[in-house]
Structure formats: structure tokens, C-alpha cells
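First comes the structure, then the notes that go with it.
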Number of protein chains: 2
Amino acid sequence: MSVTAAAGFRAAGVAAGLKSSGGLDVALVVNDGPRSAAAGVFTANRAKANPVLWSQQALEGGSARAVILNSGGANCFTGPFGFQTTHQTAERVAERLSTPSAPIGAIDVQVCSTGLIGVGDESFRQAVLTGVDRAVDALAHEGADAAAGLRAAQAIMTTDSVPKQAVANGEGWVVGGMAKGAGMLAPGLATMLVVLTTDADVTADVLDRALRAATRVTFDRLDSDGCMSTNDTVLLLASGASGITPDEASLTDAVVAVCDDLAQQLQLDAEGASHDITIEVRHAATEDEAVDVARSVARSNLFKAAIFGNDPNWGRVLAAIGTTDASFDPYAVDVAFNGVRVCRAGEPDRPREEVDLTPRATHILIDLFAGDATASIRTNDLTHGYVHENSAYAS
Amino acid sequence: MSVTAAAGFRAAGVAAGLKSSGGLDVALVVNDGPRSAAAGVFTANRAKANPVLWSQQALEGGSARAVILNSGGANCFTGPFGFQTTHQTAERVAERLSTPSAPIGAIDVQVCSTGLIGVGDESFRQAVLTGVDRAVDALAHEGADAAAGLRAAQAIMTTDSVPKQAVANGEGWVVGGMAKGAGMLAPGLATMLVVLTTDADVTADVLDRALRAATRVTFDRLDSDGCMSTNDTVLLLASGASGITPDEASLTDAVVAVCDDLAQQLQLDAEGASHDITIEVRHAATEDEAVDVARSVARSNLFKAAIFGNDPNWGRVLAAIGTTDASFDPYAVDVAFNGVRVCRAGEPDRPREEVDLTPRATHILIDLFAGDATASIRTNDLTHGYVHENSAYAS
């Protein structure tokens, strides 16, 4: 179940000719209310795509009635023409969804795009607008069921091998979501588009706090290849259709759960990866330092290539953490690979032969002996598959 | 010509059983004076190998009579036993080189090691000490000729495919050098050992300034894979044997020239690379910002994989520079690949088909239109060869 799990939402996924395969490439998620509260987190990259520039601005009022998403073109670095395309897309959605009793403006429409940077010409524009028409038509027939949610999740896939959906149930209310992303997964958000929906009856301020709390410990700690995208967008919409207002902690827990589930799905589907690595740092002086240390390892190509080769190369772990400013003594650190402590207090401990790195799930434990804070980063290994996908696929 | 190009220096390269191939693995460079001025730059990594901890301390007086180097083991994270090995190695060199009229202390001996982290047990120690004896014996026969310099350069190779040497001639004086390094080449020095020699008659202070000026614009701007080593060491020794004291600017120019030559040789020999990439940033607000912007691109795995695939993917360049804090407008930037401007003011310009990325030498030009500063970073592409070497070779 997905974006349609929460009451008050409809979705559609249609083919509009943006993908040369003819596959689904335009998705629409509509919030039928009664509430239209919304919050968003966008890429920290200064090079923001046109849809991000638009959506960030449009969301300032804390409200959104619909999200239109396309794969097959990022509409980034496409100039004023590209920005006009985003604007026209939002206008078309608004026109088509408006009723006399419930008019919708372009400002009520969030726009997300993914695909190649630099793609956004006239034919792209026409295909997206065609997609809007087809998606609105599809909504009318079948918009509120799980199959429609699945098609929306499929329509935003690029190099993803599977659609990604998640749900968490509260007491009488639900949080659901969908995501795309399989590479360029980095700090300050993965290359990904995520739409989360809830029928809880909450304000935009509550949504904003819950979403930021969730992305901080989930998507922001997924660092597949250290690269930050221009199009990252995570949206959370509330319809209020359940009529229930959960306490903020319960809502936050549910949003965290859905984001964590989606973040793990993104990790498992990372381009060309053969290991899904969790780097856990314990006993750091602060949580931020734990994150810094874990991320330094996640960013080490030498470490990542060693994992691909099933090599428990703890020297590369220590060489990576030595580049950080975190509080610890490099010669008082323990490192374990999949439960085998191969380095104790900066010296060799158990023989590397005891470590089994053949499973895909890989756990690196770094104990800094410098405090009480803990954090984990999810990453992947550096493989021939990664090099192949990212050299052969122009994105 | 190499470390023996300057008058007053002898060198040796011998096999001591550290390399399983039986190849040369211990090198010795001796400064016969009359002067013994020296300067060094060491890894910025907080995780420093035992030889670095020793040498940094020993060099505080600005003097060194000899440098002993080994491949086949980094002697890093080997605990107090490893530090004692380094100390014993320096003592053995001092004992063997001392004469009644010119006694040498361990403090006069710089020690450098390269190879696997965590290797430094009793058999390692004995092999290194055997290497010291053999190297001193070899010195007596043939130490001052070019062949001896070449053998020293060969003895420090690890995954290097070729020995690396360079020379620059002043008016009556010379600067020569050797280097090893083929991966883990990153900021704040590449994974490399470099020994530079000169017969100019200059003080340690002059050497120190010349060396820091040179490494800042050469080795510090070589960023092959973003990984910083635990053992990086660059030493510059002066014998004064020419009797000539050049002006400081001339000496600095010569040191820069030798370092630049060696840095390029390191780039050309980077593990598994198929492209040698120069990323040039023009019109930055400051030189530091130019370096930051160029390095952000050099660190992007997506960019590096695209170059491997001969794909002039300027979107990945802009996505990388958008992660920096440098002064520029991401939508006013030009990007050219090998002389073809594919992006102008943040929009597509010449068709990507016009770019020929088949040559190994690759030039990326980024114009920020934000000031007058320029800087370049040298890097390599991300290839199947890199993944193979760094997953199959435990280092």
C-alpha cells in the first residue's frame, strides 16, 4: 500500500511518451481533503532544478492539493523555458482538477521531475502536459485504490528496479508513501522523489516538524555514492479525512517508520550494489560526530571497493575516520565487521579470515570510546555494476 | 635522474623479503653533506603511521642525514611494537652509517613505510633490519650513480607500474626526486612517499618554505580517489655540496617543477584509470574557492564514471559544484569538455556529440564568472580497473 493508503487521496500513473520504453512516466497524487496541509524538504544542492524552485516557493503557505511527478527528464539547467514548463504543468493540473465549488490554483500544485539534467525542450513540455491530461482522466476511474498507488510509484522509476512503497498504521489514521531513487543517494537527501500522505487531521506546522525529524534520521543518513542531486524532494500531505488528530509524537513515529522503510528500500535497490552496508558508530561525543565518522567511511571508495571484494579491510576504515574532526583517539578505536572485532584499540585483533562478507547485508561497528552518542549511515559497496550503470547510462 | 642527481647524495635499493615477489623493497638515501638541512610535509590524516609519528618528531630540528624507506608494510596501527620497529630501524641506519669523525644518531634518520595497514610483526621488523644492512652495503659500491637512484625508486613501488623520478637544473645546482603512489591520492597529500634532494646550500627554513609552497600547488591538488593515506611523507634534503646558494624564488621554482612533474607521473599511473583529468576552474572569487569547486567535481563518483564512459555529462559537473559554498551563481556557469562548451550560463550549449573523450588526457573547464582566481585539480576516472584493483588487492 502506498500514497492511497490514507483516506482522502487519489493517485494515477500513466504513460506519456517521456520514457522511450513506453512505460509509465507521469504520476499524480491528489489530496481531496477536507484539509490540504503540506510540508516539504528539498535538496540542499545550490543547483536546484526548475520543479524544486517552483515547489519550494509554492509550498510556503503550508498547503498543497496535488503533486504531479514525471520521470524521463529532470527539467534542470533548462533555463527560463524549463521554468515556464513547470509553471504550465502546475497550471494544467489546477485547471483540470478545479471544480466550481473547489477551485485550485497553480500554487496548490507541487511539481517533481527526475531523469537527465538538461532535458526540458518543447517535446518534453508537450509530453508532460499530455501526461497531466491522461493522469487526471485515469483518476476519475480508479484513483483511490492500491493499484493506482502502485502505478504512480511505477511512473516515477528511473534506474530503479522495483517500485517502492511503505505504510504505517496509527489508531484510526495512516501514513503511506512512495519513493524513487537508485543512485546519487547522498546527504541532505538522496536523489529521490518521495511523496508521503496521511489522513491524520494535523496542521502544516506539525507536518513540517514531523517530516524534518524523520528525514534527519532516515534519508539524510543514506549515502549511497556521496553525490547530491538537483531534484530531491520529499513531500508530506495531510487530508484530515480520518477526522483524528494524533499526538505529535505518534505521528512523528509513523512518519519516521515510513521514511526508514523507504530509505532501506532505496539502499537495497542502489545501482549495481552487491552489499548493503550499515556503518554504526558507537560512543561518539555527539550524534553529529557519530554521523560525520560514519559518513567518512561511507564516502571512502577504497573501503567500498574492499567490501565488494569481501575484504574486511579495517585499515581503510581507520584511514577514513582519521580525516574527520570528531573527538576520539585513532589509537583507541575498535572496529568490527559482521560481528568480528578485527581491530581493538587501533591494533589487529581477530584474524580477518574469521569475517564472512559473503552476505549482502553488511554491518560495520566502530566504537570511538569518546562519549554516549550513536548513529548509523547506510551505504553500498563500489562495484563493477556501479561503474557500468553510471558510465553507460547518461543521467 | 633522481635523488642522486644532486651532488652529495648516495642511494640504494635492495630486496629484503618484504615483497612476496622478491623484488626490491628497501631504499636508502644518504646525505653526505657538508650540510644536512631538511624539511618535510606529512599526512594530514589523524591516523598517522608509526614512521610518520617518528619522522615528524625527528625532523623538528630541521636536519636529516638519511632516509630509509620500505614497501611491503605500512607499519600503521601496529601498536607500540610497530613504533619500536621504526625506532630500531632508525638506530640501525645510524649505527651503520656512523663514522668516528661523523657520528649519526637515530634522530638524524627519517623513516618511511608503505604497504598494508596492520602489517608490522616480528618478521616484518627483521626483514626491514636486514634491508638496512643490505642497503648500507650496496651504498658502498655504487651509491652515487643514477642506477642506484633508480633502484631506490623501484624499491618503494607498491601498485605503481613504473618508478617515478624527476629533476630540475638550476645554475650550478640541482633538485631531484623520486616518488611512489598509485592510489589513495587525495588532498593534504596523495598516498605517496616522496624524497627530494638538492645540492643547493640553503637552510632548513628556506627548504621548508619552498617545500610547502610546492606541495600546496602540486601534490595537494592531486585527488585521484578522495582517500587520504596514513603514511604520506614528502621530504626535501639539502647537501650544500654545490657550494651555491640560489635565491629563494629560483629554488622554489625548481622544487615546484620537480613536484609538479612527479604529481603528474602519479596521476598517469593511478590504479585502473583510463582518463587523466584536469579540472580547471576560472574566474573564481578566490584561489581557495577555485580549488573547492574543482575538488567537488574530482570527488563525484558519478562524474568520474561518466568520463570512463566517454560521456560529457555536464549535469553531473553542475550537480557537484552546487554542493560547495563558493561564490557563484549556478545558473551563470559555463562548462567545457576538451574545448567544447556544452553548457553556457547554466543551459545546454554545443551538442554533446561534438565532444571527443576518447583521448586519455581530459580537460574540464569551469568558468564561474565570480572573480579573477584560477586553480586546477588533477584526478582520474572511476573505472572497472579501479574497482578491480581495490577489491582484489588488500592494501
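Every residue gets a Cβ built from N, Cα and C, even glycine.
TrEMBL lists A:Thr191 with the feature active site, nucleophile. Among the features that TrEMBL reports, substrate binding site is placed at A:Thr158, A:Lys180, A:Thr191, A:Glu271, A:Asn390, A:Ser395.
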Cβ under 8 Å to chain B, applied to binding-site residues A:Thr158, A:Lys180, A:Glu271, A:Asn390: A:Asn390
Three-state secondary structure, A:Thr158 (substrate binding site) (per DSSP): coil
Close in space, distant in sequence - A:Lys180 (substrate binding site), Cβ under 8 Å, 6 or more apart: A:Ser71, A:Thr114, A:Ala153, A:Ile156, A:Met157, A:Thr158, A:Asp160, A:Lys164, A:Met192, A:Leu193, A:Val194
Cβ-Cβ neighbours of A:Asn390 (substrate binding site) (radius 10 Å): 29
Protein Cβ atoms within 10 Å of A:Thr158 (substrate binding site), excluding its own: 21
Secondary-structure category, per DSSP, in which A:Lys180 (substrate binding site) falls: strand
